[in-house]
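Accompanying notes for the structure given below.
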Amino acid sequence: MAYQMTQSRPLDLATSYVFDQPRELAPFTLADQYGNQFTNQSLQGKWSLFFIGYTACPDVCPTTLNKLAAAYPKLQKISDSFQVVFVSADPKRDTQIKRLDYINFFNKEFKAVSAEHTELFPFSRDLGFVYAMVGEDSDYQVDHSASYVLVSPRGEKTAVFKTKPTPGQLPQIINSELISDVNKIVSAWH
């Protein structure tokens, strides 16, 4: 099935930015939580929502994955070929088994992918994510983006969902706005 944007006027979106021209992702090879390859081919025919983080994250990641798990049934109603992909930016500690246990706590249908930094960093940058290791010892933290990226069924970066900072609270994307924006974006494609 060929997908393309059919909307000629701007969409009225609450929390996302849609690229005028979708951006094809460079070739990549990651591994999912089952040890299977996750490549550009894994995106074909599916809407994919990406989020970057790490399993030892004390706040943003578990909060975000809880929110995505709550939104997932409605996202699946928009497109039955919808997948949520958690990208681990900590391949040293986030082993395949650790990613499996972690992501299954939130939703067994979600993907949890990673790779060595030589593959992971260019892939993350291609999506528009940033991450950095902070600290010297084994208890280091990983600073990372809190946005989401929507990739079309052709494997093209289509939209970015940005957090709305609220003083004293974690940066978040409001589920109702996410669902509304995804619905408008997917509906504008055929």
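The backbone N, Cα and C atoms fix where each Cβ goes, and this holds for glycine too.
What TrEMBL says about a protein is an automatic prediction, not a curated fact.
Annotated in TrEMBL:
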- 19-179: domain 'Thioredoxin' (DOMAIN)
- Cys57, Cys61, His144: Cu cation binding site (BINDING)
- Cys57-Cys61: disulfide bond (DISULFID)
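Overlay of TrEMBL feature records on the structure.
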| residue | record | CB count, 10 Å |
| --- | --- | --- |
| Cys57 | Cu cation binding site | 19 |
| Cys61 | Cu cation binding site | 23 |
| His144 | Cu cation binding site | 22 |
Self-check item: Average pLDDT across the domain 'Thioredoxin' (19-179), rounded to a whole number
Solution: 93
Exercise. Determine, from DSSP, whether Cys57 (Cu cation binding site) sits in helix, strand or coil.
Key: coil
Exercise. Write out, in the order they occur in the sequence, the residues of the chain not among Cys57, Cys61, His144 that have a C-beta within 8 Å of the mean position of the C-beta atoms of the recorded Cu cation site.
Key: Ile52, Gly53, Tyr54, Asp59, Val60, Thr64, Ala89, Val142, Ala146
